[in-house]
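**Q** Would you mind keeping the following structure in view while I ask a few things?
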């Protein structure tokens, strides 16, 4: 296995790498399109603003195009997941467009602080390979102000005022709105499940 | 449902966890890595590491321990103390901390909040506020890590809570100084007053001594998380017992 973690400049990269280390898997942090293309599995982490994150990817010649054409399992995390969609309300930025739809901000409500920060429960019908050994109702750690609406690509939801996509899947492309690298045992299971997906070159 | 967070706070001085009463007379309570791992295993939802001497001394935090913590810990943790610039925060976050908490430096340079939020996103930026009642008004204190330098900033706490949110704070930790370390319960009145105008997550700090105190601060002050130190460090209230109790009283917590 060759895991490439795309260096999107986000603040969660160190913790993601340590989480992968704890699984006993080697990873390479890179922005080199060649290395990303050659990897068996790719993770796109992201923290901060979607526009900044997208801007950093676009600065590397060929990287965005490479990501769009990947056939191997790819997992976007947090803002990395949001970038998989067509666009985000955050900065009105066009994203990677690998998944249909638009990421939007949580509705402003007096009783619901934004960001949505903390441990929330996953709701899902079992079936996704990423959710193997994970139970509906298990808690994972979220930190975000924007989210993707529930759609046919949604494989798990969480609820914060409204239901939103906690985990999405379309072919080889996966997205987790929560932070598996900071979600204790459940997060570790999710990363393990992702790394066990068979590469489809 | 979003769970209420239980957050042990580890005050760090010279690489060891210490605890004082009302910010004074610190005694060593244990090794950072050992305590971090123990709290994680017991079900802590998040940890805060607070270098209590960093800000008053005008020196930076010894950050060698952050990476060691990040390697073993699979829950979020926040580092506070001595973070005065975007570069300081970049280093701490780069080592694997989830968030940075800024207190005295934000009072000295409120623009710092804007810069941090623009660079890392609001979710990384926690503003710590030390507050107590002076002549019937909640007021913000600075340099509370050193009793000789602690001073009233003359800022009103409620004004500061508004301002830090406008500047891009992603979370507020309100430490009610009069309750800190004495284990008589959180300052529900003050926390409720802050809650009323706080649109970002609010964490209660100062005063936890019994499981009932946690239930009241969640039910009455509607805070998102409760931070405590001595009640956990002494073993007086094991986290599994606390969470069991909270669940029984219908407060949503992570098992």
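Every residue gets a Cβ built from N, Cα and C, even glycine.
In case it's useful when we look at the structure, here is the feature table from TrEMBL:
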{"type": "ACT_SITE", "residues": "B:11", "note": "active site"}
{"type": "ACT_SITE", "residues": "B:130", "note": "active site"}
**Q** Around residue B:130 (active site), which residues of its chain at least 6 apart sit with Cβ under 8 Å of its Cβ?
**A** B:103, B:140, B:141, B:142, B:144, B:175, B:177
**Q** Indicate whether residue B:130 (active site) is helix, strand or coil by DSSP.
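**A** It is in a strand.
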**Q** Please give me the CB contact count at 10 A for residue B:11 (active site), counting all chains in the structure.
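**A** That number is 24.
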